[in-house]
Amino acid sequence: MATTRKLVVEVVDAKDLTPKDGHGTSSPYVVLDYYGQRRRTRTIVRDLNPVWNETLEFSLAKRPSHQLFTDVLELDMYHDKNFGQTRRNNFLGRIRLGSDQFVGQGEEALIYYPLEKKSLFNLVQGEIGLRVYYADEKPPPLKPTVAPLETVVEEKTEETKAEGPDESKPPPETNDIPAEVKETVKPPQPPPEESSPAEGPKPDEEASPPLQENATVGGEEPPASESDKNEAEAKPVEEPPQNQPDGEDIVLESEDTMSWASAPRSPLPEVIISRSVSGSIPETKNGPQPLRRSVSETASYTSEISDVSTIERSTFDLVEKMHYVFIRVVKARSLPTSGSPVTKISLSGTMIQSKPARKTSCFEWDQTFAFLRDSPDLSSSPILEISVWDSSTGIETSQFLGGICFDVSEIPLRDPPDSPLAPQWYRLEGGGAHNSDLMLATWTGTQADESFPDAWKTDTAGNVTARAKVYMSSKLWYLRATVIEAQDLLPPQLTAFKEASFQLKAQLGSQVQKTKSAVTRNGAPSWNEDLLFVAAEPFSDQLVFTLEYRTSKGPVTVGMARVPLSAIERRVDDRLVASRWLGLEDPNDEKRGNRSRVHIRLCFDGGYHVMDEAAHVCSDYRPTARQLWKPAVGIVELGIIGCKNLLPMKTVNGKGSTDAYTVAKYGSKWVRTRTVSDSLDPKWNEQYTWKVYDPCTVLTIGVFDSWGVYEVDGGKEATRQDLRIGKVRIRISTLETGKAYRNTYPLLMLVNGGVKKLGEIELAVRFVRTAPPLDFLHVYTQPLLPLMHHIKPLSLFQEDMLRNTAVKILAAHLSRSEPPLRPEIVRYMLDADTHTFSMRKVRANWLRIVNVVAGMVDVVRWVDDTRFWKNPTSTLLVHALVVMLIWFPDLIVPTLAFYLFVIGAWNYRFRSRAALPHFDPRLSLADAADRDELDEEFDVVPSNRPPEMVRLRYDKLRNVGARVQTILGEVAAQGEKMQALVTWRDPRATGIFVGLCFFVALVLYLVPTKMVAMASGFYYFRHPIFRDRKPSPVLNFFRRLPSLSDRLM
């Protein structure tokens, strides 16, 4: 039975509302509007924290499915003036929710939305709690009292036919409807003819829409919307629904909906199809009728599921067009064989063979082949040969049944959005086929053709795993298990008042976590610990709790409890969910009388972003809960054109070969290009699109060599890992809006011998902003991670552990796809091995710090040169600047800001315009790295190197650690000397400092501050003839202060 989709909004409560009645309270009610339908809750009298707990429903039966993603749910909250008059505005706040934030039933969660202002001068505060989700319900059964209704409809129909329409006579009950409601009343509709079983529709009459549940009988007016003031005056036309909440529901239908519902349906015009066939095949008049359509909606492989027809399709303007000759072999008839024949297609010296035909009423293949062609207009005219062979007698002794030849220059050119070419019947010539026909279609198209993804391509060698594919990462959640306490856990072998140690172990799949050991004497230990896991949808696993009693001989299991993940509540904020008591069952005890129990609080934290990438190259920061997603601010388009000068990655049949493919990852969407077989200069020319929610994210592209199933030196190596060729990262924030970048990037790999260039990849990328300019700039002021990361932050240990778990889950999920995305590819794209130790990275990071501080060092050097009058003109100008800033201190901040503005404006000329930044071997110190350091970087844990080499590396690391230890000691000593100024560790030094502070306080109190500042400035920039070459007394005094270094052992 068909179901009806509806939008359900649960208005739960509100908090901290604005007082409106003049007595410190308000009487709020909520009005919701969705697609012309309006609902209203009841009024909560004099309460700033009202609780409604009402469920309001909106019908989506008349809403086209592709337009559901563009609707907005508007919620307005008002103060009811009937419960406390006020001269001020009774507006309490509003929110607007896009339909992309709505989830299906079962995924909903209570979310508190902050109330927003309607205008700048509104005083709004507080938040409202909602649950919004889609629900499907079965239509109600037909009522048994339909016969009288049909009689009335039939009689009214006869009267209508006899009298005809009378436009001068007003419809009944019009005078009883209020003025504001009359504007939205539908015109009278003719009663549906299909409601009468005795009288069928006539061919010369237009078909009326079916009778709705709320339709009136005998041409009466349909129900109109009613306001609160006119509810008692207006005459009701239909009964309210039975499931209407306590509050008053206002249902308003827009004029567009009414006209759409009342528009008559015109019959489809007869479609006449003419088709040319070859030979003496008779013309088929009873062919399949094509579907009518007004606008071509040909989908391409760049479109997503959520794309709607109103969105412009990708035009493939970032890549080059690659022309293919497509041959679609559908079926054959009247073949003189009883086996499973095959078709062979030959073009330009390339021959391919189809799969064996399926024997039904005809011989069916329904297979499409694509031959690469340089251009649609060739000077020569190659011949396309299609032949049918009977393979039942063996592959080598196949019998020729017939064939067809085509001139490629006469094959039509098709480019979407053109409609697909219909296959035709062709008479087979030659062989043993005399009256055999083959149905096929041939055309010349590009990679934008909808048949291209599933076609057998010549550049992929027909490998099933070589197709282009779009993957979606599984939806990951953080599962928080709060272990509170346990009861009745005293083992029988222990006596009272004897301490016992207990530990709770939680396991989810391969994830195992344990609490700390809790010691108790009464059998009621307490932990209050949070255990975090990563869970992937769909939730089919179970969370297993095992309570262990710690003994000297080892842990002893006291009991176990299982909780299915589907029964765990979801939350999107830090509110406390209801806890539960779980009964523990002893797996070795058959008696289940008295059982111990444990107190647990379980929830899925949807307010976190599950990290699966390194923080500095993350491609998505959205939380798990879809309700918290912000609207997209733009789209990024990536054109993967091809690679050049690739090195052979493997040996196939004694010959070097590379079967390259590209993987791109952004957010939860992965794309994989087709695998170009045995080519060192592969061309893909595939274009993909992603939605951008945060511009400060990174798009990652990796190139790999596929092993597949090949004869490698005489043996099949199907289980070998795909080899890495290189990787490119593109930060979205570095792209200008609307500008297309087409660049060639080197593919670099760091191996044990150093940096190795394995080729180049040519990419085209473009970022298009879809959000308003101010909204787009407002994103830069928002935190990167969701709010829960700041309210209840995770520790570094938890982040690393959960990230490694998330990578394993994603790798296992994507490896089960077809074609699979292998785990080594996923780990390389997610940078799962970036946490390994490397002396090269240590030195590179140190040089990065030096480069950052270099600007400050230059400033200090310039100030020192100014002090010593190396440039007298500059020193005199600095004196004048000091005098001006001291006497006019209001100019200090503007001068600094103007100086930074000048620097930024000056550097604008030197910005990168064409090339995008990519991996820098010099910055990474990869071009000058020591071989021993690289070998140490690629060493596994635990090390598999010889003991002597491990000892040498350990001694080197000890030397580096000693230098780091010295630097840390110096930093700690300087801080301790600062503390010694007032701690009286050195009584004389502290006395001098305290006395000087008292003297400075008196001077600054008696002497104007500007005079003191000017004197200090002139003293600091005094001429060298007034200086002494010894260190300053202040520095000497600070160096003599004591530290705690002499107390270290």
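Here the Cβ of each residue, glycine as well, is placed from N, Cα and C on the backbone.
For reference, Swiss-Prot has these:
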type	residues	note
DOMAIN	1-112	domain 'C2 1'
COMPBIAS	153-170	compositional bias 'Basic and acidic residues'
COMPBIAS	226-238	compositional bias 'Basic and acidic residues'
BINDING	Ser338, Asp390, Thr393	Ca(2+) 1 binding site
BINDING	Ser338, Asp390, Thr393, Ser398	Ca(2+) 2 binding site
DOMAIN	617-745	domain 'C2 4'
TRANSMEM	883-903	transmembrane segment
TRANSMEM	989-1009	transmembrane segment
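Here the features listed in Swiss-Prot are placed on the structure.
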| residue | record | Cβ within 10 Å |
| --- | --- | --- |
| Ser338 | Ca(2+) 1 binding site | 9 |
| Asp390 | Ca(2+) 1 binding site | 22 |
| Ser398 | Ca(2+) 2 binding site | 18 |
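Long-range contacts of the transmembrane segment (989-1009) within its own chain (CB-CB distance under 8 A, at least 6 residues past either end) are made by residues 980-983, 1037, 1040-1042. Each residue contributes its Cα atom, and for Ser398 (Ca(2+) 2 binding site) and Asp390 (Ca(2+) 1 binding site) these two points are 5 Å apart. DSSP gives Asp390 (Ca(2+) 1 binding site) a strand state.
As a summary of secondary structure, the domain 'C2 1' (1-112) carries 12 helix, 52 strand, 48 coil according to DSSP. Helix, strand and coil content of the domain 'C2 4' (617-745), in residues and according to DSSP, is 7 helix, 67 strand, 55 coil.
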